[in-house]
Every structure is written in C-alpha cells, then in structure tokens.
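Below: one structure in structure tokens.
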Amino acid sequence: MARSELRSGTQLPWFTAGDLDGFFGLFFSGFPDLLLIVGLAPLCGLPMSLVTGRILPGVAISVLAGNLFYAWQARRLAEREGRDDVTAIPFGVNTPTIFAYVFLIMAPIYARTHDATLAWHAGIFASLISGIVQTLGAFGTDRLRRSTPRAALLAPLAGLALAYLCLGFVLGVFQQAAIALTPMLVLFALYGSRMKLPFRIPPAMVAIGLGASLVAVLRALHLYDAAAPPVTTPGLYLPHAVNVFALLLQRRWWSYLAVILPLAALDTLGSLMILESIKLEGDDYATMPSLAMNGLGTLAAALLGSPFPTTIYLGHAAHKANGARSGYSALNGIVTLVLCTTGVLPWVLHFVPLEVTAPVIVWFGLITVGQAFSTVPRQQTVAVAMGLIPALAQWATTLADTIARKAGSSLFALAPKFDVPGSDLALGGLIALGQGSLLTSMLWAAALALIVSRRFVAAAGWLAIAALLAGFGVIHAYTLTPEGVESHIAWNAAPTFAFSYAAGAVVLLACAWWSRHSIQPSDASPLAE
C-alpha cells in the first residue's frame, strides 16, 4: 500500500476536504441507527421522555468518546510515522445488537410485565455485560478466532441480519411502498453498482432524501397518514449515571446471557477482523487499545443509561479512498452529540419515518449475509446456511406470538392445537430452535463446518458443548406461560436435546475412527467441486 509522507515542517491538518466526504458517509451509516432507537422504543414500552432524557444522551457520550479517541489515535499514528494519509477507524452504535436487545430481551420483558423501566434496566444490564466482555476480549480474542471455524463466527450475525434487519424491514417497506420502495430501489442501484455520484454524495443521503420528499408530497396531497407529533420538546438533555451495580445483583437478568455473551464475543471477533483489514490498507493501529475502546464505549453507554453497545464499523477503506483522515471521526461524534442531547430526533422521525431509512438497514443486512457466504471456504457455505436457521426460528416465534396477541389470544392458548401428530406447524420445535438462537447457530455452524472438512473429533467437541448447554437449559429449553415464552435455565432442562447432542458426538468420534481405518474419497465435501 503506497503511503503519503508528511512534508518536513508541514503541520498535520485537523480537517481536510476528504474529511467532509468521510463524515457524510459515516454519519449516514449511523443516522438510521439513531432513528431505530427512537422508532423501536414503543415496542419496549419506553416513553419518549425516557428515550430523549436518558437513553439518547448516553448514546451521545459513548459515540463521542469513541469517535474522539479514534481521531486522536489516527493523528498520533500519522505524527509517529510522518504521514498525512492516516484514516481514523469508523465507529458508532452497533446495529445488530439494537435488534437483538430489543426483540430478544427488552420487548419480551415488557410484553410479560408491562413494566417499561424493567425492560430498560434489562437492556442496560445487557449493554454492561457486553462492554465488560468486549473490553476483556481485547486481551485474548485472537486465540478464540484461530480456534473457531469462520462459519461459526459469521453465521450467527448473518442469521440475525437476515431475520431482523432484512425480513423485518423489507415487510415495512412493502407495507409503505409509496414512500419506501422507490428509495430502496435507488439505494440498491447506487450501492450495488458502486456508482460514484457528483460531489461524492452518499447513496444513503439520496435514498433518505428521496423518501423524505415523497413523505412531504404525499402528506400535502393527504395521501399519507402522518403519525402523531412527538410529545417531547427540543431542549438540552444531559446524561445521567445509572446504578449499574444494583442491576448486576438481580439474578433475573442472567438468563439472557445466552443472547448477550455470543453477541459480545462475535462483535469483538468481528472488530478484530476489521482491524486486520485496516492494517492491510496501511494504517497499522495497535490492536489492544483499538479493541479496548470498543468495549469502553459500550461501558460508557451502559453507565449513562443507554442499552445499546457501540462498535467499530466497516468502511475504513472507502473513507480512506475518499480522502478522509481524522477530522471526519471527530465531526461525526460532535454532530451525534448535538442530535442526541437536544431532543430533536423524535421530530426527525416524525418527518422521516422509519420506513424511509429502512432501505439502508436492509442493505446492511444483505451485505452481512453475503459476506458470511463469500468469506468462508466454499465447502463451509452449507454450515453458514444451517447457521441462519435458528435466528429465523426465533424471528418466526416472535412473529407468531405478536399475531396471537393481536388476535386476542396467546401461544400458550394455541399450543395444544399444534401439539398433535400430523400438525401443519411444529410450534414446539420452532420455539425450541429459537431459544438461545445465537449460540445454537454458532454450535451448528462450527460442527457442520468441521464435519465437511472431516475434522470429526473437533466437531464432536462442539456437539459436546451443545449437550452441556442444553443440559443446563441455555439452549432449546423453555417454559410456555400465558405471558409468553420464558427461558428455563436449570439442570436437566432439555434432556432430549442434551442426550441427542451427546449421542451425535459419539457418532462423530466413531466417524473419526472409521476415517482413519478405511479408504475414503479425497474430496472432503460434496461442495468441493
């Protein structure tokens, strides 16, 4: 990678023309996430006063802290190496965890208890644990990455993206096709073809601007029913600390570790892989502090009331090609701070509905799924495909539960109708597969990736872990109550699954013995051709 040297006696600029391009690119990558937080809050019962007064200010500080750190880090690297082409690491709110924490933790708690504060506290607990794992992971993530098949690292996030980012928001686009379908097609055309626009206008800006214009025109013609204006008023909303230590002492949250821990580990591993790609672009950042800031940003969010973790973003290469240096990162943090502490985001959402920003989210989901298939060895694509299914089962369970509630019933009342031989819906299997879906996805993808590579002993080890987790109820175990599906973590909670996984591990050990004592075809997988 060619480097641009800083001329002797030349002062490193704080902001360049390329930083403005980089800012718009980074901002419109993270802006939909801010609107998501506001738009999905009602699903958790969170009042807008809580969102604008406690959650968004916490988001603001966490994003600002990370952006300023990475801007400082870029300037320090540039000065140390005497270069003027160092680009800061992009950083912002973690999109997949917004959906995971809302749909898998906060919304289910609110549906059962109708207690918005409880749902908010559960999200903060999740963010806190995630931050701790991310920070500690900065010291030992590389070993886990080397010992885990790539398919197992990518499939859980791909499944989450397919279910909650793609399916969930594509349905919204088609329901509000008048304002969202054309912007989505425009965005796909620009992103898919990698076409450069005049003045380097970001495609997301074009799509969101087009959608907002359609909303304004259709409202003026009385062809679009506007949502009620937000009840909050613009003002200054400063962050307030939360007593997170009290939350740690509440055992009720620990059952959600099956969601929190895999996501935190996968995010840390994903950030490590992003850092490796950044080094290939010529910006050799120290791994440990870069990953540690990732976790510290999430901890700052939790301590200040935000249940949504932060993360390193993809896109460094694009920002670098556009001439962005360090200033774009700092500017993004400052603009995010202004938006999140002035109470204007609910009003922005009023004029730019969530369906208008949905195409950006859908595209991000498609890219996540596509990368999961394109970056693994060809023979492991079947493992990625298998890893998508548990998240789809979790999404389908949530969908079925929502439909049942809207119809005045519940899964608890409907379950006996499907628990009969020959039923056209295996409801029990759907719920069981969705419990601990991220861990199940990782376990199945890892085992299958190793099986197609004929590494039977290692695959048996992953099935043994699955047996242990099923035995303790971390995966597959559940209790169906009138309030909904509840986790059931206890010894011998899912004995059928535990025994089946253990038996599968024994079978794989037998396969390992047989493969060493017999002549086998040279191809390790039917997908090898």
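Note: Cβ is positioned from N, Cα and C throughout, glycine not excepted.
So TrEMBL lists the following for this protein:
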{"type": "TRANSMEM", "residues": "20-43", "note": "transmembrane segment"}
{"type": "TRANSMEM", "residues": "55-72", "note": "transmembrane segment"}
{"type": "TRANSMEM", "residues": "93-111", "note": "transmembrane segment"}
{"type": "TRANSMEM", "residues": "117-139", "note": "transmembrane segment"}
{"type": "TRANSMEM", "residues": "151-171", "note": "transmembrane segment"}
{"type": "TRANSMEM", "residues": "256-275", "note": "transmembrane segment"}
{"type": "TRANSMEM", "residues": "295-315", "note": "transmembrane segment"}
{"type": "TRANSMEM", "residues": "356-376", "note": "transmembrane segment"}
{"type": "TRANSMEM", "residues": "383-405", "note": "transmembrane segment"}
{"type": "TRANSMEM", "residues": "425-452", "note": "transmembrane segment"}
{"type": "TRANSMEM", "residues": "459-478", "note": "transmembrane segment"}
{"type": "TRANSMEM", "residues": "498-515", "note": "transmembrane segment"}
Are the transmembrane segment (256-275) and the transmembrane segment (383-405) close enough that 3 or more Cβ pairs fall under 8 Å, when only pairs 6 or more apart in sequence count?
no
Do any residues, 6 or more residues outside the transmembrane segment (295-315), come within under 8 Å Cβ-to-Cβ of it, and if so which ones?
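Contacts of the transmembrane segment (295-315) (Cβ under 8 Å, skipping residues fewer than 6 from its ends): 25-26, 29-30, 37, 54-59, 61-63, 65-66, 89-94, 97-98, 101, 106, 120, 122-128, 130-138, 239-242, 244, 264, 267-268, 270-271, 274-275.
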Does the transmembrane segment (425-452) come near the transmembrane segment (151-171), with 3+ Cβ pairs under 8 Å (pairs 6 or more apart)?
yes
Is the count of Cβ pairs under 8 Å between the transmembrane segment (151-171) and the transmembrane segment (117-139), pairs 6 or more apart in sequence, 3 or more?
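No, the transmembrane segment (151-171) and the transmembrane segment (117-139) are not in contact.
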Which residues of the same chain, at least 6 past either end of the transmembrane segment (117-139), have a Cβ under 8 Å from a Cβ in it?
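Apart from its flanks, the transmembrane segment (117-139) reaches 44-46, 50, 54-55, 97, 101-102, 105-107, 109-110, 242, 244, 247-248, 250, 253, 256-257, 259-261, 263-265, 267-269, 271, 287-292, 294-303, 305-309.
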Counting Cβ pairs closer than 8 Å, which of 256-275, 356-376, 498-515 has the most of them with the transmembrane segment (20-43)?
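Against the transmembrane segment (20-43), the leading stretch is 356-376.
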